[in-house]
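S.K.: Below is one structure. I have some questions about it.
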Amino acid sequence: MQIKLQSLKLKNFKGIKQFTFQPEGADAEIRGQNGTGKSTVADALNWLLFDKNQAGEKAFSIKTLDGGNEAVHGLDHEVEATLLVDGRPLQLGKMMREKWTKKRGANAEAAFQGHETLYTVDGIPKKKSDYDSAVTAIAPEESFRLLTSTTYFNAIKWQDRRRILLEVTGKVSDAEVIAAHEGLEGIEAVLDGHSLDDRTKALKSRRPKINTALNEIQPRIDEALRAKPEEAELCPPKGKSYEALRKEWREAQNRRAAMLAGDTTATGEEILRHREAMATLNRQHDEALRAWRAGEETKKEKARKATQEVEDNEHKVEREVSLIEDYTNSLEALREKWAERNATEWTESECPTCGQALPEEQAEEAQTRFNEKRAEELKAIEAEAKKQTAALQESIKRKEAAESRIDELIAAEDAQETHDPEPVAPDHSEREKTIATLTAGSTSAAPNTKPIDEEVERIEAQIAAFERFSAALKQSADIDKRVGDLMAEKKELGIELDAIDQNIALLEEFLRCKVAMLTGTVNERFAPLSFRLFGEQVNGGLAETCETLVPSANGAMVPWSDVNTGARVRAGLQIIKVLSGHYGITAPVFIDNAESVTGSIDNGESQTIKLIATEEAAELKITLLEQPLALAV
């Protein structure tokens with residue numbers, strides 16, 4: 001579609017009382033001193049079409065001001081333009097006027113009630129909605145503004161600039177990147193159905209947790225090793241065996257009891273029983289204490305692992321929530337797309353070349369092709385929606401499973417918080433009193449048992465040494481197992497950390513390859529301009545951006561924000577040229593500050609209107625250019 005400006009009329013618009021500009025579709029120049037209204041002409045066309053000025057601002061005044069900078073009342077503010085759309089004239093008119101209401105009464109003054117705007121298309125009054133539809137039929141606002149202003153593209157948000165560039169050049173698919181670069185074959189397994197950004201975030205979020213776990217393992221290993229018995233404690237006592245010592249102890253006790261025979265035989269046996277009971281209780285307490293300590297350590301380890309798994313599952317939930325939101329938005333977009341496509345109806349009953357009605361047979365064939373194409377597109381949308389729905393359901397299941405696992409782990413953690421009391425050492429005070437009483441009661445006829453008592457003590461000391469040795473062996477074995485488990489865990493975490501680092505490196509390499517391909521595609525399309533689509537971060541990663549780079553005289557690429565006005569105009573015209581080819585639309589381009597541009601300019605097929613500041617023209621001076629702008633400069 002080719003749009004050219006045939007004429008533009010202003011009346012009481014931003015201080016211009018009356019002005020008619022008739023380029024008749026040709027390139028033109030409007031010269032004038034600063035403040036004479038050159039930019040106002042461009043503002044007028046933008047206001048006529050979109051209720052905005054050239055800068056895209058809706059909040060600006062078009063009313064004429066008096067010497068006190070107050071609006072002059074009673075004026076109609078009007079803009080009318082005739083556009084040539086593929087050679088056919090289209091007249092658009094808009095007038096804003098004040099509304100005054102006079103209340104009842106002969107002396108009542110009229111009261112200002114605001115403004116109203118009237119619209120016309122080809123001289124016929126229209127409602128605003130119909131007028132806007134007529135304008136949109138020519139070109140949507142964003143497209144028209146992109147094609148008529150050399151600065152608009154670089155004035156919008158970088159996200160919008162980036163979106164437009166990718167719409168023009170097309171996105172680079174993951175499959176294309178993998179096919180073009182060796183070493184990226186495993187990227188699909190790493191992504192595992194997730195987006196590049198989500199997967200990278202998940203891995204980078206997991207990495208510090210593994211590092212923390214690794215840093216905690218070695219102190220736990222050291223702590224366990226410090227609790228390990230000394231080498232001397234692990235050497236078996238020299239001399240007789242444990243069983244032989246137990247036998248000697250019983251024999252010594254029996255000899256002692258025999259010495260207390262006669263009237264005190266029962267007393268001696270009773271004392272022996274008490275001593276054996278005390279020894280048994282001591283052994284049982286030692287075993288119970290070792291078991292209790294092992295149990296407490298096991299609970300601590302289970303609690304630590306449960307806490308780590310809770311954190312992992314919480315991260316899974318966060319990731320799935322993000323995916324669910326993405327899938328939901330995608331499905332909503334597909335529903336809207338399906339409804340929009342389903343609502344389209346066949347209206348091409350005329351020949352696109354001559355404008356005459358198609359013969360009935362050709363019209364039926366064309367309608368059949370239209371219906372088949374629409375059905376195919378709807379089927380494709382439905383298939384994609386089905387795929388997205390399945391992915392959404394899977395994501396919901398994974399989220400619910402992770403949440404359920406979190407509940408289980410928290411319950412398990414609560415259970416680990418319940419600690420059994422430490423085994424209490426046996427109380428021998430009563431037995432010792434009983435033994436003392438029994439011994440005292442038999443002193444009158446008691447034989448000398450001191451040698452046997454000393455022998456019993458010696459044997460008991462040897463037995464205790466064996467029991468300490470046995471306990472040390474068990475403690476050492478338990479600690480060795482604990483250290484082995486920790487070393488295995490350390491190895492597993494190290495393997496996982498290496499895998500994460502490799503996967504992150506692969507994802508970053510994939511991103512850089514994709515960036516290179518994407519940037520190359522965009523820059524090739526917009527040459528000689530370039531675009532920086534990704535920025536290097538401090539941590540070495542890449543962040544999306546969109547910055548226009550303009551070639552300087554020495555060949556260096558300079559950011560748009562740093563180049564002069566002339567270079568911006570040239571860059572803006574190059575962008576318009578490419579976008580015009582993409583949209584299939586050319587429109588009149590207003591070049592403000594055109595006096596700063598030297599040399600020839602490639603304006604493509606667009607009509608150009610140069611706004612030139614010059615001291616020589618106290619009033620606006622119009623010059624029509626009979627030849628292309630590129631040859632006229």
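Backbone N, Cα and C atoms are what each Cβ position is placed from, and that goes for glycine too.
TrEMBL entries are annotated by machine, without manual review.
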S.K.: Can you identify, from 344-365, 410-431, 586-607, the stretch that TrEMBL calls region 'Disordered'?
M.R.: 410-431
S.K.: Let me spell it out: take the compositional bias 'Basic and acidic residues' (416-431), skip the flanking residues so only those 6+ beyond its ends count, and list any with a Cβ under 8 Å from a Cβ in it.
M.R.: 274, 277-278, 281-282, 284-285, 288-289, 292, 295-296, 299-300, 302-303, 306
S.K.: Per DSSP, what is the residue count of the compositional bias 'Basic and acidic residues' (416-431) in each of helix, strand and coil?
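M.R.: Computed counts for the compositional bias 'Basic and acidic residues' (416-431) are 4 helix, 0 strand, 12 coil.
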